[in-house]
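According to TrEMBL, the features are:
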- A:12-38: transmembrane segment (TRANSMEM)
- A:58-81: transmembrane segment (TRANSMEM)
- A:88-108: transmembrane segment (TRANSMEM)
- A:114-134: transmembrane segment (TRANSMEM)
- A:199-217: transmembrane segment (TRANSMEM)
- A:246-263: transmembrane segment (TRANSMEM)
- A:283-308: transmembrane segment (TRANSMEM)
- A:329-349: transmembrane segment (TRANSMEM)
Amino acid sequence: MRIELVKRPERSKLFAALSPLIALGLTLIAGAIMFSLLGKDPVEALYYYFIDPLREVWSLHELAVKAAPLILIAVGLSICYLSNNWNIGAEGQFVIGAITGSILPVMFPDFQSWIVLPLMLLMGIAGGAAYGAIPAYLKVRFNTNEILTSLMLVYVAQLFLDWMVRGPWRNPAGMNFPETRTFSPSAVLPEIWSASGRANWGFVFAIVAAIALWFMLSRTLKGFEVLVLGQSPRAGRFAGFSQSKMVFFAFLVSGGLAGLAGISEVSGAIGQLRPTISPGYGFAAIIVAFLGRLNPLGIIAAGLVLALSYLGGEAAQISIGVSDKVVRAFQGMLLFFVLACDTLILYRIRFVGASAAKTVEATQNV
Amino acid sequence: MDTTPLANGRNLLEVRGLTKIFGTLKACDQIDLTIAKGEIHALLGENGAGKSTLVKMLFGSLEPNAGQIHWNGQLARITSPGVAKKLGIGMVFQHFSLFEALTAAENIALSLADDTPIGTIAAKARALSYSYGLPLDPDSLVGDLSVGERQRIEIIRCLLQTPDLIILDEPTSVLTPQEADRLFETLERLRSEGKSILYISHRLDEVRRLCDSATIMRHGKVVGHCNPRLETPSSLARMMVGTEVKNAERTTASVRGEELLSICGMSRKPAGPFSTPLKNIWLSVAGGEVIGIAGVAGNGQGELFEAVSGEALQESADAIRIRGKSAGRMGISARRLLGAAFVPEERLGHGAAPRMRLSDNLLLSRHATDGKAFVAGLGLIKSGAIQKAAQRIIDVMDVRKSAPDPEAAALSGGNLQKFIIGRELDRNPAVMVVNQPTWGVDAGAAARIRQALIELARNGSAVLVISQDLDELFEISDSIAVMHNGELSKPIPIADATLERIGLLMGGAEPGHLDHAKEVA
């Protein structure tokens, strides 16, 4: 017996909707197997991982804190991936956005006004977008592979941040710790509802960005251009759309949103620059983008799921003592299963018995 | 090599009830086919009738869902092209599978399974090619050869394996009339040597001239066997299409209107290692006339279309003028705004985005020209207006579809082409440039499209049609120019154009067109 993939006549709407759910289910099963191999009770582990963090209001706030950067970055990436631009460097754009956004509170701590925060956010967006423009320029001008260039620029950005906080921007009153001075209150992104938890306005930015990009993609000519150039570049050229302008557009939008996520995270959740400001949001957002089917509204849901995997990882570390590397394992499995299940949208599975290969009788049941 | 005694007299191949199903489509439904030894058997049918599927099953590249194949009277299971070759079945594909960067001999060596030295193969190929009247230099690079010469490589490659049955898929679609004649002589010689040939075509004249018997397919079924010599072209066409096919009616051109499209000394460097450079092209198309551009595939027609449409820009703005305005440096949208419309050769992926709905594909080429009607402020798409316009085009062009607004890829080739042509006609363009308007389109839809192009011209527009189908060009054009090796001949008025004259030009008989250039300048 062998298994065959048979191409469907058209995309299956049913499996387009089901595939992320099947992927989640398979991830949970694989996760349970992983926990039992680690010698833990799989039911208890999955409970601490996926249910426990949702039981209290303060931890729902934590969920929003973690989900905000994931959603912001992922909706930007969805524009890239839909237009066939493979930006893998959102992590770097996030870091650079955080650095440029922090120029005011770090270098001019005495400048305190209501305008500081908006300026920081704008500078964060500009920094991320400018950093995203580098692989875009290299792709358009020299036809380089943007997967490689954007990925390599991540490490450049991370090492630059490391050098900044240990060198020029180190807090003079910080006992030589590698971190900048803490931001003044006017440079801190306020909490949405501080009475009940820590969630800040970054989450609102994320929801607004997702809705705005959803609207652009589904209702406007620009969104149409993104989709046409992504699906069939030659038809896009025939339509009169410019491929190179689209490369810049996609990288500027996703870089800008990653930069906004970076400065929001630093200004809202951390309050200063440190050598490490992200637990891999820029990479996890790639999973979020695909889990959300590259649809900005789906990405909101997917962002919350991935945020839960971070929270659950922390919870499981504390309560049942598994390594924090388990988080990465879960995220990796999830991306693997999402991409694998997407096959079901275009193909159906057929089991072929050994005898059926003979050219005897037609037994088609389509 | 199968040398079992013959159970069944002189039949080489017998096919019984062969069926192939793709998804819900029965591409081949209970096909019966018998080929005798030493006959040329025609397989006739329109595009999409299931000819290629049937042949792929005979050659082992597709596995049938049901049915039997008897070879020399014995039940055979052809599971791969390798098995087919061993049995003695050879095939010459419509789309060649040759490496352009290798020589002819190297290409032949690749398909032979053994380790024969390349020199031996070249010598054999040369001897064979001359003995069959298909002269070929085995040491020449495929990239430098014409399409007709490439086909010779495929045929020689096939003959080197001494097959008993040779399958030829639309062999003349890429040949000039003269090259086709030479091919027919070769095939007749092969027949006289006792080889059988399965000849796939939708060209009725050829089939009547060459073939001893014919099997006619329609919609995946065999609808008749006949002796084509006893039939008329129209009776064969009726069997193929199922209904009477009308030729487009062409009234004589009215007075030549003012010049709407002119190409003045346009040259273009090759975009890639194997694309054709355009050399000093002059052409003027006036309102009210249809000018056809003939030529064997790959002689620069695609490059010319890209240059005229503005997908590729010219160095000088004056190289192309549309309605008197220099458009050489304008992109495709700007040229459309001047009143030009374009239909490329490739439907899926160039003229239309396969995974997008028809209404989206309407917006694809019309977002600039119909900006006010289709796009509101802030780039907001007016989907209501677009759907209405799409419906209008669907009604006018009689586009048949399964869903209200299906994806372009879900339509048959002919219906999608009707939509793409209708999308441009709906604008009433002053200049219409079409590349291969009816390629792969069924006869009914083709007639509809040709008629629409003639009507557009008669209403005062300039129409430029690039096509490899000479019958089509003779049917609709007021004059025909020929492309060869990136050069364009002077247009020949239809009254003076004969198949022979056009054929000679297609073969490159009149290189350079200096007198023509002077005349236009």
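Each position is counted from 1, following the chain as shown.
Cβ coordinates come from backbone N, Cα and C, glycine included.
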Range from A:114-134, A:199-217, A:283-308 with most C-beta pairs under 8 A to the transmembrane segment (A:12-38): A:283-308
Any contact, the transmembrane segment (A:283-308) to the transmembrane segment (A:58-81), with at least 3 Cβ pairs under 8 A: yes
Surrounding residues of the transmembrane segment (A:199-217) on its own chain - C-beta under 8 Å, 6+ positions past either end: 61-62, 64-65, 67-69, 71-72, 75-76, 78-79, 82, 189-193, 223, 226-227, 253, 257, 260-261, 264-265, 268-269, 295-297, 299-300, 303
Stretch with greatest number of CB pairs under 8 Å, the transmembrane segment (A:246-263) reference, A:58-81, A:88-108, A:114-134, A:329-349 candidates: A:114-134
Leading stretch by Cβ pairs under 8 Å, where the reference is the transmembrane segment (A:114-134) and the options are A:58-81, A:88-108, A:329-349: A:88-108
Residues from the same chain, set at least six apart from the ends of the transmembrane segment (A:88-108), whose C-beta lies under 8 A from its own: 69, 73, 76-77, 116, 119-121, 123-132, 135, 147, 149-158, 160-161, 164, 169, 180-181, 183-184, 187, 254-256, 258-263, 265-267, 273, 277-278, 280-283, 285-286
Cβ contacts under 8 Å made by the transmembrane segment (A:58-81) with residues that lie 6+ beyond its boundaries: 87, 90, 94, 196-200, 202-203, 205-207, 209-210, 213, 217, 226, 230, 249-251, 253-258, 260-262, 264-265, 268-269, 278, 281-282, 284-286, 288-290, 292, 294-296, 299-300, 302-304, 306-308, 310-311
